[in-house]
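Quick look at what Swiss-Prot annotates:
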type: ACT_SITE; residues: GLU18; note: active site
type: BINDING; residues: HIS17, HIS21; note: Zn(2+) binding site
type: DOMAIN; residues: 193-265; note: domain 'PDZ'
type: TRANSMEM; residues: 98-120; note: transmembrane segment
type: TRANSMEM; residues: 334-356; note: transmembrane segment
type: TRANSMEM; residues: 366-388; note: transmembrane segment
type: TRANSMEM; residues: 401-423; note: transmembrane segment
Amino acid sequence: MYILFSVLALSFIIFIHELGHFLFAKLFKVKVEVFSVGIGPSILKFKINNTEYRLSPILLGGYCKLKGFDHLEKELKANKELEADKDSLFGISHFKKILIYFAGPLFNLIFSFIVFIFISMAGVIYFDYSSRVSILNKDSLLKDKFRDGDVILKVNDKKIKYFSDLRKFIPEEKSTVMFDVLREKENITFKETVSLQDFLKEIGPWADLVIADVVSNSPAKIAGMKPGDEIISIDNVILKNKRDLDYFLKNLNSDVVEIKFSRNGEIFSSKLVFHDKNKMIGIYFSPPLKRVVKVENVSSAIKNSFFKVVSALQDILYSIFLLMTNFLNASKSVSGPVGIVGILSSSYSLGILYWINSISFLSLILAGMNLFFIVIPIFDGGQIFISFIELLRGKRFKAKTIYSFYSFGIFFGLFLFGLGLFNDLKGLLNIFN
């Protein structure tokens, strides 16, 4: 059932986006020929004021077709610039056209902002780690100061309760930071010159190896492991936390290992046989600490929501930058519709507020991707970019020039979509294997 809810949620986010284009087109007297919820052949359609409204079966999409979308094609065939109708997309000013393109992402931003406000006022439920840390890199520059299992109590005399608190009190710029740490019942204080980014590269949250769930037909299931079990060692190598496990599996060459785990105080040993080269065990670990943060007043909720939106957009822009500059590594994180629905479905199991919060972030991702991917004209950012350049030039590009830009952008867009589907399929195969 939660998969269906997640599909409907994704469809609703796209509906909000297309509604922005629709309303601004109506505002500027541009004829909306078709407004469709879903894609594919229509299962329900009706016409009001020269606009055909459709409901289509594939709810992982939707569109708003404005009059003038085929204008460039007509110009290309005629091999000359044609005069556009006043109620078409090419019959209005560049500025109005930019606003119509911008309206889709704008509505997603407004939707997320409003939802964040209500969630904050209702009491935000989310998950966090304790301030107990582990060293992510065995060659870490901070390993001389920190040890696996250290509990950070204070940073510059500011109390630390959760791992996310470290982001608030460790400066962005490299500077001298005082740490108060609890290590094996002993309080230790030391100074270290570090920036937040460098710190997070070297130090991560401590995650215990207590199993929350086991995937059917997985190596762990076949080995007899159950929820509540705690992994102790693999091939007699003691594993203290998830970082140890990830590091061990990353450097493992064998397909068969001996795993030891505890259950209700009793130690069990079993053979673990891997099905694929990625060494997927087939287990989910227990979630970190549950936190409830109550925002008491509207002004605080508005302020927190604004910074949450800005921070998310910065992360999206940085992700696009990584995709462009470090494609081989970043491309592994690209998800298609199946992966997106999977993420929403997983968040649903953590509670309704957490699920709604995830929907809001997904709405921000849709807005950010549409705005920042200016090289893809099928995205709003690409259309805005073209219209803005035409506004500066004082005249339109020739149809051939725009079509060349479209051809590259559509190819790149389809490539990203195909990459997302490939990653979705690979993820599904890993689960079923």
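Cβ atoms here come from the backbone N, Cα and C positions, even for glycine.
Annotated features taken from Swiss-Prot, shown on the structure.
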| residue | record | contacts (Cβ under 8 Å, 6+ apart) |
| --- | --- | --- |
| HIS17 | Zn(2+) binding site | GLY62, GLY104, PRO105, PHE107, ASN108, SER363, LEU366, ALA367, ASN370 |
| GLU18 | active site | PHE35, GLY62, TYR63, CYS64, GLY104 |
| HIS21 | Zn(2+) binding site | CYS64, LEU66, ILE100, TYR101, ALA103, GLY104 |
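Remote same-chain residues near the transmembrane segment (366-388) are listed as 13-14, 17, 94, 97-98, 101-102, 104-106, 108-109, 112, 312-313, 316-317, 320, 397, 402, 405-406, 408-410, 412-413, 416 (criterion: CB distance under 8 Å, separation of at least six residues from the stretch ends). Only residues 6 or more beyond the boundaries of the transmembrane segment (98-120), in the same chain, are considered here, and those with a CB under 8 A from a CB of the stretch are 13, 16-21, 23-25, 28, 30, 66, 89, 295, 298, 300-302, 304-306, 308-309, 312, 353, 356-357, 359-361, 363-364, 366-368, 370-371, 380, 383-384, 387-388, 391. Mean pLDDT for the domain 'PDZ' (193-265) in this predicted model: 89. Under DSSP, HIS17 (Zn(2+) binding site) is assigned to a helix (H, G or I) in the three-state scheme. Residues in the domain 'PDZ' (193-265) partition by DSSP class (helix H, G, I; strand E, B; coil) as 20 helix, 25 strand, 28 coil.
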